[in-house]
Amino acid sequence: MLPFQAARQRQFARVITFALAGFVFNTTEFIPVALLSDIAQSFAMPVSQTGLIITVYAWVVSLMSLPFMLLTAKAERRGLLIKLLVLFILSHLLSVIAWDFWVLVLARIGVALTHSIFWAITASLVIRVAPKDKKSQAIGLLAIGCSLAMILGLPLGRLIGQFFGWRATFAIIALIAIGILCLFYQLLPHLPSKNAGSLNSLPTLFKRPLLLGLYALTMIIISAHFTAYSYIEPFMLNISTMSHSMATFVLFVFGLSGITASLLFNRYYNAGPIRFILFSMGLLTATLLLLFIASQQTWTMFLLTFFWGIGIAGIGLGLQIRVLHLAPDATDVAMAIYSGIYNIGIGAGALLGNQVMQHYGLAYIGVAGALFAVFGLVLFILVQWKYGHLAPNKLSTEEKKKCG
């Protein structure tokens, strides 16, 4: 094999390792959604209270993403990733042996702390380690890894939880993370911090109206999604009256739609980023609005879940690339803010869904989410109408160099 070919294969192996890490981080972030009823039962708590682990996780990430990013802005990235994975593994082992609910909450806080840095630095790192002519495909592979978390991670985690208990699911996640740690140790080169930004970057970033609008949109639209999605498992069991196995299959379909969204993203995003994001938001709004109606029949629930997944995955892909586009000079700081705001949305959505359940009933979580989504859709249109001329639709060559 020629040295060039060997180097290229090693670069692809690094990208795939990041995609695998994305799979594990996304799986563990959302696995409580699939195990919520089992966790509640094991601690003799109502589901609405157990949902606190989703809210706490999200808010820890939202509060710590930017401070931790700034504290580690100059840290060498390979060593930082290895240290993060050590804490990630130890936190999952604590989840396995958690003797009461609050110990589990503490363990999830540990995982959330690793999350707060991992997603702040990963998008720019995967571009750096990829072959020079395959940087956009590298982001696509990372997105596929995240989508596979929904396709395989959540359904398999749920199945493992059903047969062996929810603790076994966390134990297996820890084992996979050990494998990823070894791969990072073997494959990654020395990675000095690059274009991370600093505290001085904040005033500059906050003078960019398109970026600020994107952050506001992120909080609103993610809140809309998680108002319903945080409680989709009890919704399917109690409102759709599905069996446990059928509910697991619906989660599989939801995840499968993420692959479809990734393919659509690669095909259409560059031709019209704003149109792509608008389409995805419209799809999310429609599916949330129709959630209760679709729940009356199993086949309509499957169909709606598939389109719902395309909508939210398309939004996530589009917004992440848009952040990199609008802040190529401070990618890690901009992504840390994005990750923090995204998780504010998750926590707010889970909390709002909890309140809707308690005051109006589980059946109305979709309608409540749709109202938020409409607000986000209107905000996005207004911001683009007023400030859209300030940014080109495609990354310039110079911006690509800065991102890479």
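All positions are counted from 1 along the displayed chain.
Cβ atoms here come from the backbone N, Cα and C positions, even for glycine.
Copied from Swiss-Prot, the annotated features are:
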- 15-35: transmembrane segment (TRANSMEM)
- 51-71: transmembrane segment (TRANSMEM)
- 85-105: transmembrane segment (TRANSMEM)
- 109-129: transmembrane segment (TRANSMEM)
- 137-157: transmembrane segment (TRANSMEM)
- 168-188: transmembrane segment (TRANSMEM)
- 209-229: transmembrane segment (TRANSMEM)
- 245-265: transmembrane segment (TRANSMEM)
- 276-296: transmembrane segment (TRANSMEM)
- 299-319: transmembrane segment (TRANSMEM)
- 333-353: transmembrane segment (TRANSMEM)
- 363-383: transmembrane segment (TRANSMEM)
Beyond the flanks of the transmembrane segment (363-383) by 6 or more, those residues with Cβ under 8 Å of it: 209-210, 213-214, 216-217, 220-221, 223-228, 231, 235, 239, 277-278, 281-282, 284-285, 288-292, 295, 349, 352-353, 356-357
Chain residues outside the transmembrane segment (15-35) and at least six past its termini with a C-beta under 8 angstroms from it: 50-51, 53-54, 57, 85, 88, 92, 108, 111, 114-115, 118-119, 122, 125-126, 129-130, 134, 138, 141-142, 144-146, 148-150, 152-155, 157-158, 161, 166, 169-170, 173, 176-177, 180, 183-184, 187-188, 229-230, 232-233, 248, 251
Folded-back contacts onto the transmembrane segment (245-265), same chain, C-beta under 8 angstroms, at least six residues removed: 34, 140, 143-144, 146-155, 158-159, 162, 232-233, 236-237, 276, 280, 298, 301-302, 305-311, 313-314, 317-318
